[in-house]
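Visitor: This is the structure I want to talk about, given as structure tokens.
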Amino acid sequence: MPVQGSQRRLLGSLNSTPTATPRLGLAANQTGARCLEVSIPDGLFLSLGLVSLVENVLVVVAIARNRNLHSPMYCFICCLALSDLLVSGSNMLETAVILLLEAGALAARAAAVQQLDNVIDVITYSSMLSSLCFLGAIAVDRYISIFYALRYHSIVTLRRAWRVVAAIWVASVLFSTLFIAYCNHAAVLLCLVVFFLAMLVLMAVLYVHMLARACQHAQGIAQLHKRQRPAHQGVGLKGAATLTILLGIFFLCWGPFFLHLTLVVLCPQHPTCSCIFKNFNLFLTLIICNAIIDPLIYAFRSQELRRTLKKVLLCSW
């Protein structure tokens with residue numbers, strides 16, 4: 001990863017020897033001060049990546065097998081699963097190669113390792129960017145389906161959805177390539193941070209507006225049936241809880257990584273920031289956790305998808 005704190009892990013593994021590190025401990029930063037460092041065991045990292053990989057493969061297979069799921073909404077969900085799959089797979093590949101290099105089971109020249117590192121970085125960052133974009137696309141799709149229900153099928157067509165998908169993938173690959181090439185430029189890192197904040201604000205505004213519409217709808221039904229206010233309050237509380245969980249998971253899983261990028265620009269040499277940089281692998285692990293949670297939030301809640309997945313699993317046996 002071309003970000004301070006990762007220190008080109010593949011290249012560094014060529015001349016390194018494996019050392020046992022505690023999962024949670026105190027480490028000395030550049031000034032000798034003590035700071036908290038969370039070390040993620042390789043076995044745990046690979047296990048989380050494998051869980052994410054299996055989950056998202058199942059989502060992609062289920063959507064591909066069922067023609068009823070070939071709609072714009074499921075198109076975005078499928079692409080989100082594919083992005084999360086690539087995030088997990090690329091990080092697992094990098095970790096596996098590092099372990100093989102450190103164990104001496106894999107011999108490679110520095111130039112070859114450099115090229116492999118660049119390829120993995122492009123895949124990782126492009127899939128991260130596309131994952132964020134598809135989360136935003138899903139929010140926009142749901143917003144249109146609620147506020148423009150009668151015109152939804154004319155606004156959000158499958159052809160337009162595929163154009164959006166193609167644009168997201170092309171933009172993600174191009175920007176990630178630029179990011180790898182100019183990772184030491186503050187402007188590039190700040191663009192990534194601004195992009196994350198823009199996605200966070202977009203999702204928050206759209207989902208809050210949808211929650212307000214749901215509360216108004218519930219209030220109208222309650223008045224129609226002459227119910228009391230608590231029924232409306234129950235809908236509001238349930239919706240608020242769902243919204244808090246959705247945005248909270250998004251912020252907690254992605255926020256630390258983009259905080260890392262922000263601090264790389266603002267205080268690359270400060271002792272406190274140096275302590276945070278030491279937890280870069282923890283921030284990557286949180287993104288892997290988000291890739292595990294995404295199918296639970298956006299895919300597996302669909303009864304149609306669950307039925308298809310059940311059929312696929314039964315047929316495989």
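Start at 1 and count along the chain as shown; that gives each residue its number.
Note: Cβ is positioned from N, Cα and C throughout, glycine not excepted.
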Visitor: Consult Swiss-Prot and report the residue, out of Asn15, Asn29, annotated as N-linked glycosylation site.
Guide: Asn29
Visitor: Do Swiss-Prot's topology records have His153 and Thr308 sharing one side of the membrane?
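Guide: Membrane side for His153 and Thr308, as annotated in Swiss-Prot: identical.
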Visitor: Taking residues 6+ outside the topological domain 'Cytoplasmic' (141-163), which of them lie with a CB under 8 Å of any CB in it?
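Guide: Hits for the topological domain 'Cytoplasmic' (141-163): 70-73, 75-76, 206, 209-210, 213.
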Visitor: With the transmembrane segment (280-300) as the reference, which stretch in 38-63, 119-140, 164-183, 192-211, 241-266 has the largest tally of C-beta pairs below 8 Å?
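Guide: When the Cβ pairs under 8 Å are tallied, 38-63 comes out ahead.
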Visitor: Counting only residues 6 or more past its boundaries, what in the same chain has a CB within less than 8 Å of a CB in the transmembrane segment (192-211)?
Guide: 129, 132-133, 135-136, 139-140, 142-143, 146-147, 179, 236, 239-240, 243, 246-247, 250-251, 254, 258, 261-262, 265
Visitor: How do the residues of the topological domain 'Extracellular' (267-279) split into helix, strand and coil according to DSSP?
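Guide: The topological domain 'Extracellular' (267-279) comes out at 7 helix, 0 strand, 6 coil.
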Visitor: Take the topological domain 'Cytoplasmic' (64-72) and count its residues per DSSP category (helix H/G/I, strand E/B, coil), listing them in that order.
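Guide: Within the topological domain 'Cytoplasmic' (64-72) the tally stands at 6 helix, 0 strand, 3 coil.
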